[in-house]
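Peer 1: TrEMBL lists B:THR146, B:LYS169, B:THR180, B:GLU260, B:ASN379, B:SER384 with the feature substrate binding site. Per TrEMBL, active site, nucleophile is recorded for B:THR180.
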2 protein chains.
Amino acid sequence: MSVTAAKGFTAAGVAAGIKESGGEDLALVVNNGPRRAAAGVFTANRVKAAPVLWSQQVLKGGAVSAVVLNSGGANACTGPLGFQDTHATAEQAASVLGLGAGEIAVCSTGLIGTRLPMDRLLPGVEEAAGRLSEYGGEKAALAIKTTDTVHKTAVVRGSGGWTVGGMAKGAGMLAPSLATMLVVLTTDADLDSAALDGALRDASRTTFERIDSDGCLSTNDTVLLLASGAAEVVPDGTEFTEAVRTVCDDLAQQLIRDAEGASKDIRIEVRNAASEDDAVEVGRSVARSNLLKCAVHGEDPNWGRVLSAIGTTGAVFEPDRLGVAVNGVWVCRNGSVGEDRDKVDMRYREVGITVDLAAGPESAVIWTNDLTADYVHENSAYSS
Amino acid sequence: MSVTAAKGFTAAGVAAGIKESGGEDLALVVNNGPRRAAAGVFTANRVKAAPVLWSQQVLKGGAVSAVVLNSGGANACTGPLGFQDTHATAEQAASVLGLGAGEIAVCSTGLIGTRLPMDRLLPGVEEAAGRLSEYGGEKAALAIKTTDTVHKTAVVRGSGGWTVGGMAKGAGMLAPSLATMLVVLTTDADLDSAALDGALRDASRTTFERIDSDGCLSTNDTVLLLASGAAEVVPDGTEFTEAVRTVCDDLAQQLIRDAEGASKDIRIEVRNAASEDDAVEVGRSVARSNLLKCAVHGEDPNWGRVLSAIGTTGAVFEPDRLGVAVNGVWVCRNGSVGEDRDKVDMRYREVGITVDLAAGPESAVIWTNDLTADYVHENSAYSS
């Protein structure tokens with residue numbers, strides 16, 4: 001159902017010829033109102049792609065009427081001419097849709113450092129506009145794929161007749177990211193941009209910002225939430241935020257499960273931390289240990305590599321009070337050998353690592369993947 | 001020549017049966033004086049192995065008469081009993097050598113979380129003591145290997161008849177480390193512990209601390225510098241520090257060239273930084289980008305991944321002034337496309353990446369390796 005699950009939205013996906021493969025590579029999502037409220041969160045990378053710089057400006061206006069998304073090129077590190085390309089894309093969409101360019105967000109994904117083929121992209125925008133449909137959500141989700149093996153969509157229905165829907169591409173996170181993550185969420189709830197912004201930031205913080213496939217932060221990550229108000233319902237704020245969080249969590253899980261080359265999804269739960277920040281710092285450090293990620297790939301419950309990673313953080317803990325469980329078996333207790341590691345069964349795709357910091361009441365969950373020869377292959381051959 | 005190149009030192013390496021392979025796994029280095037001055041630098045990991053905790057205490061006394069080193073087990077995360085094992089190792093060496101245990105440093109490397117087989121290790125110490133020789137440096141260097149494919153030694157002769165020699169194992173750095181790095185340096189120069197400490201910290205800072213194979217920080221990293229005074233020469237301070245730096249740099253290069261699974265050695269030079277700290281931060285961020293390391297493995301001059309990594313740092317720079325050269329070809333200028341990437345020849349093992357921050361006069365060089373399927377294989381099979 002994707003971005004057209006919510007009333008008031010139409011979408012399309014077309015093959016504009018940006019990708020050499022000839023597959024779908026251009027998506028258009030249009031908010032037909034009556035509202036055009038919007039919120040967005042963007043990559044924390046200081047090197048930002050042209051479409052990120054553009055869309056951040058658009059969001060400041062508080063209204064987004066349409067989003068143009070392309071795969072096949074990130075339009076990052078392309079200088080002033082790259083920014084002009086993004087501007088021209090928005091102008092083209094504005095022209096064919098009868099809107100102002102300042103209400104058109106743009107998202108791009110693909111190789112960095114290459115100009116987009118505007119001679120194909122601009123006609124693609126016109127073609128997509130001609131194919132807009134309230135059934136176009138799936139097509140749009142397909143058109144933003146790069147190395148994704150599947151397209152990713154999610155929908156939650158709220159009480160009282162409103163809906164949150166969404167689509168995502170990528171296999172990573174907002175910060176950091178494996179490949180660029182692009183997400184468009186839509187709702188027909190009747191909310192203003194400030195309410196959307198609060199819900200989106202709250203939901204992202206514990207979903208997209210807690211998946212970390214390979215520790216690399218993209219120049220293009222963008223998450224947008226658009227509201228049409230077409231359901232004519234003002235939802236309860238808490239219920240709405242939870243609905244957005246559910247959609248974000250669903251999409252985040254789909255991103256992790258489709259991470260490049262991964263054979264295991266690793267859920268790292270950090271318990272008994274002195275603060276939530278400590279729990280996140282420890283979880284992220286464990287998630288970024290290449291040695292641990294290799295061990296999980298080899299189905300080796302190598303808790304020493306977990307402790308090594310914890311030891312690089314500034315979190316509150318005493319080394320001789322640390323505990324680590326792998327799939328429920330506490331292989332490390334009090335910073336030393338615990339239960340028999342042979343009890344650990346790691347044959348399934350999901351692997352749970354629990355870290356006990358024995359330092360307080362807070363906790364957090366970070367998701368990552370294993371490191372595999374397929375990851376190396378995919379990322380050493382990507383641009384050649 | 002290794003640690004016995006300097007006068008006043010004897011060494012030995014034996015197969016004590018700690019390694020299941022039956023290879024050499026225990027080394028002993030003895031300083032026969034007349035001085036027993038010493039300095040050391042240790043892992044920054046807050047989870048420290050028992051031998052690190054022990055040796056840090058020994059160094060506080062300012063005198064080291066002998067070093068016992070074992071491969072086949074890191075004695076990390078082994079609790080109070082593991083610390084007792086290290087203590088017993090020092091006591092055994094003290095007993096057979098007629099020294100005090102408080103002057104015996106201990107280094108261990110191998111799997112974390114496993115107790116050492118003391119019933120084999122302690123007789124091994126006695127056997128090694130019986131084989132001490134001024135020609136034993138190579139044997140000692142062999143006995144500390146784990147996944148190293150070659151043993152690593154270096155020697156520099158100073159003017160006036162003094163020498164600095166050394167041995168190393170591992171394929172990483174002091175902070176962080178691929179596998180544990182153990183280094184013992186010896187000199188017959190007549191220097192006290194304070195002078196050694198200054199020279200060692202100065203030399204380590206720009207050598208061992210600037211190699212970063214896989215971003216993982218070991219629990220066991222130890223670098224020791226021992227002085228016997230047997231040459232009866234007090235060297236010029238600057239010349240001595242440069243000699244120590246040369247030996248450290250030589251060993252550091254050997255570590256990088258032997259990094260697990262690596263097919264490329266990557267020299268990252270960061271130029272025109274506002275501060276040396278900025279240069280190091282940027283170099284390390286680039287060195288830790290799995291995406292870049294995969295690209296180099298694929299001989300792909302993917303400068304976009306370099307810019308992505310720079311963008312995650314707090315260094316002073318403007319995105320549109322950044323430059324990146326790969327093997328001398330400035331593929332990125334002013335944050336955008338530069339020279340033709342097809343001009344870049346990446347067929348050789350050493351790959352040079354130059355980053356121009358255009359922000360000041362400082363610079364730094366960080367070394368790393370590519371990320372390969374062999375790395376994944378070696379580290380997913382290591383303990384199984």
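Even glycines carry a Cβ here, placed using N, Cα and C.
Just so it is clear, the model here is predicted, and its values are computed rather than measured.
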Peer 1: Please report the DSSP secondary structure of B:LYS169 (substrate binding site), reduced to three states.
Peer 2: strand
Peer 1: Which state, by DSSP, holds B:THR180 (substrate binding site): helix, strand or coil?
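Peer 2: DSSP call for B:THR180 (substrate binding site): coil, neither helix nor strand.
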Peer 1: Name the residues of the same chain, 6+ apart in sequence, whose Cβ is under 8 Å from the Cβ of B:ASN379 (substrate binding site)?
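Peer 2: Once residues fewer than 6 apart are set aside, B:ASN379 (substrate binding site) is near B:GLU260, B:GLY261.
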Peer 1: What is the one among the binding-site residues B:THR146, B:THR180 whose Cβ has the most other Cβ atoms less than or equal to 10 Å away?
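Peer 2: When each Cβ's neighbours within 10 Å are tallied, B:THR180 leads.
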Peer 1: Give the number of CB atoms, excluding that of B:LYS169 (substrate binding site) itself, located within 10 Å of its CB.
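Peer 2: For B:LYS169 (substrate binding site), the count of other Cβ atoms within 10 Å is 29.
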Peer 1: So if the criterion is CB under 8 Å to a CB of chain A, which of the binding-site residues B:THR146, B:LYS169, B:THR180, B:GLU260, B:ASN379 qualify?
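Peer 2: Listed binding-site residues passing the 8 Å Cβ cut to A: B:ASN379.
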Peer 1: Enter the number of other CB atoms within 10 angstroms of the CB of B:GLU260 (substrate binding site).
Peer 2: 26
Peer 1: If H, G and I count as helix, E and B as strand, and all else as coil, what does DSSP give for B:ASN379 (substrate binding site)?
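Peer 2: Where B:ASN379 (substrate binding site) sits, the three-state DSSP reduction gives helix.
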